[in-house]
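What Swiss-Prot records for this protein:
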type     : residues                                                        : note
BINDING  : D32, S33, E34, Y35, D36, S81, L82, E110, R133, E167, K283, K307 : NAD(+) binding site
ACT_SITE : K112                                                            : active site, N6-AMP-lysine intermediate
BINDING  : C401, C404, C419, C424                                          : Zn(2+) binding site
DOMAIN   : 586-667                                                         : domain 'BRCT'
Amino acid sequence: MGNIKSRVNELHDLLNQYGYEYYVQDNPSVPDSEYDKLLRELIDIEEAHPEFKSPDSPTVRVGGEVQSSFEKVNHDTPMLSLGNAFNEQELRRFDQRIREQVGSVEYMCELKIDGLAVSLKYVEGRFVQGLTRGDGTTGEDITENLRTIHAIPLKINEPLSFEVRGEAYMPRSSFIRLNEEKEKNEEQPFANPRNAAAGSLRQLDPKLAAKRKLSVFLYSVNDFTDFDATTQSGALDELDRLGFKTNHERMRVGDIEGVLEYIEKWTKQREQLSYDIDGIVIKVNDIEQQDEMGYTQKSPRWAIAYKFPAEEVVTTLQDIELSIGRTGVVTPTAILDPVRVAGTTVSRASLHNEDLIHERDIRIGDSVVVKKAGDIIPEVVKSITERRPEGTLPYSMPTHCPSCDHELVRIEGEVALRCINPKCQAQLVEGLIHFVSRQAMNIDGLGTKIIQQLYHHNVINDVADIFYLTEDDLLPLERMGSKKVENLLKAIEDAKANSLEHLLFGLGIRHLGVKASQVLAEKYETMDRLLEVTEEELISIHDIGDKLAQSVVTYLENEDIKALIEKLKYKNVNMVYNGIKTSDIEGHPDFKNKTIVLTGKLQQLTRKEASAWLELQGAKVTSSVTKKTDLVIAGEDAGSKLTKAEKFGTEIWTEEQFVAKQNEISS
């Protein structure tokens, strides 16, 4: 036994050293095959002698047991956000304020990694807990997923107790591999590496997180008690010494001019990195000066984040492709010469509608400027007319549907062209794809390509047909083995139990979104009651307007739709609301039964987190301000919704007021 224990310790040391060289120093001393061989040996020993497996064994990198949920945990000290600067003038104002308060100052400039903020707690040198930022006060415990990231040391060589914070991210190479795998499996690819990293760390199965090949850069120490560092740069050097991965592109500068030079450099060179950045973080380097300056309620006064402007690139517009949505809207898409924009290769970009094409005089063959709105959605900004080839013609939208050849119409008050043929194949297929989507019936494994095959082989013609599928229908399809078919049929069976709001949203009734589906399902409880509802009844409901009421009643009165519902009932698809009713939520009197709108950029929590918390308090969170809105919570750069709220005399809170009320209720 002594020899086995000794070998286990030796394997720990070797694997930790080789992992540090590969994942932190990026300078491996042994080939991957040697690392894999040693890891396999350790796994075999631990399986034969589980008494020798420790919580910080290198084998935890492959992932442990599936978790049922992520526990909410309070941060020892809040994980605050940073104030933003978008131009040189705002940076100079920040510098002036700093110097007025503390005098002479040195700055530490660091790359702002585009990932997910995490907090890692070490006790006596061992990694014991990892949290997401959450709302800044409370995060989710994702310890088991973070253990799979090789760049996070499970144990350090000194028995120190402290908290270190950083950014978990997905390298571009991992992102490309992951999306290739998703496309191969007919799954929706991630929009960008940031979303991929966040989604990976929220997997309940750590083994899935382990496969995603995430990394991390650590950038701050929360408690300096066990550290000799007196500066931010010194703290990062100390983290380096202890074996943590920090970003070595950081730079100390003596004044704001040095900051601006650093920003200029990385604005030009960001694409040369192997990971995404979305800005530069500027911090006062001296920790005593940081303490002197202190914090606002939401951010440190001694730091600011400079956000890069949306990157614009020039490429050639090769064609304009038209797609038909499930409601018949014809959407033009630019087909481009592939070009890298904000970290990903773009070959398609939105053109929105016919009016935009004409306003910007965009023509096939033009050199066009492309950017990503919010660094996510590619769009064509303009044509460069001085580069326009001779003989190009203004683009004309077709008069007939490219799918069914039905005449296209423009409904009064709308900018979109629309196909109104209810038998249009493109619309029917898009409707099927919508029906199985995550927010609708959430049928995992029934992707776009499978639906297209089933439709074009006349196996399914409407959404009810999905519940009549058999093994014989699915096995002949491309890439459909018996195991995949078994899993898909189970997912279809499970979907039958979905609450009524999922079915309502999945049916694709025009103007009926997720929130309104929830409202109707909760109000009427069964599909049978909904089938009898009148427009007047619907309009009297707080969140239902005239257009939606008319659309719902017209849809449900259609005899074909009534037959479709009967067809779904025959296969025991649930037609009853089985969620929690708002009236049953205890909630808080400041929010219960109130209609609330969130607008602007929230700094201390995400829009999704704020909405979820408000709904737990019994509120209804909607997307538009009306005379029926009770409260508007306005973040930074709030626009027309705030103006509308002021016009209606609606109560308005700042984000700070909202967070203060959250803290009051939670305490």
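Placed from the backbone N, Cα and C atoms, the Cβ positions cover glycine too.
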Q: Report, in whole Å, the straight Cα-to-Cα distance of the residue listed as 'active site, N6-AMP-lysine intermediate' from D36 (NAD(+) binding site).
A: 33
**Q.** For the Zn(2+) site built from C401, C404, C419, C424, further residues of that chain with CB within 8 A of the site's CB center
**A.** I324, G328, H400, P402, S403, D405, H406, L408, N421, Q425, A426, Q427
Q) Of the recorded positions K112, C404, C419, C424, which one sits closest to L82 (NAD(+) binding site) when you measure Cα to Cα? A) K112
Q | Per-residue Cβ crowding (10 Å cut-off), top of binding-site residues E34, D36 | A | E34
Q.
Please identify, from the binding-site residues L82, C401, C404, C419, C424, the residue with the sparsest Cβ neighbourhood, meaning fewest other Cβ atoms within 10 angstroms.
A. C404
Q. Are there residues of the same chain, six or more positions away from K112 (active site, N6-AMP-lysine intermediate), whose CB falls under 8 angstroms from its CB, and which are they?
A. I277, D278, G279, I280, V281, A305, Y306, K307
Q.
What does the structure give for the C-alpha distance between K283 (NAD(+) binding site) and C424 (Zn(2+) binding site)? Integer Å is fine.
A. 58
Q.
Can you tell me whether DSSP puts C404 (Zn(2+) binding site) in helix, strand or coil?
A. coil
Q) Do you know offhand how many angstrom separate C419 (Zn(2+) binding site) and R133 (NAD(+) binding site) by C-alpha? A) 46
Q. Once the DSSP letters are reduced so that anything not helix or strand counts as coil, what is L82 (NAD(+) binding site)?
A. coil
Q | Rounded Cα-Cα span from R133 (NAD(+) binding site) to C424 (Zn(2+) binding site), Å | A | 47
Q: Give the sequence-ordered list of residues that share a chain with R133 (NAD(+) binding site), lie 6 or more positions from it, and have CB atoms under 8 Å from its CB.
A: M79, L116, A117, V118, S119, G139
**Q.** Secondary structure of R133 (NAD(+) binding site) (DSSP, helix/strand/coil)
**A.** coil
Q: Measure from the CA atom of E34 (NAD(+) binding site) to the CA atom of C401 (Zn(2+) binding site) and give the result in Å, rounded to a whole number.
A: 60
Q) How many Å separate the Cα atoms of E34 (NAD(+) binding site) and C404 (Zn(2+) binding site)? A) 59
Q: For K283 (NAD(+) binding site), list the number of other Cβ atoms lying within 10 Å of its Cβ atom.
A: 24
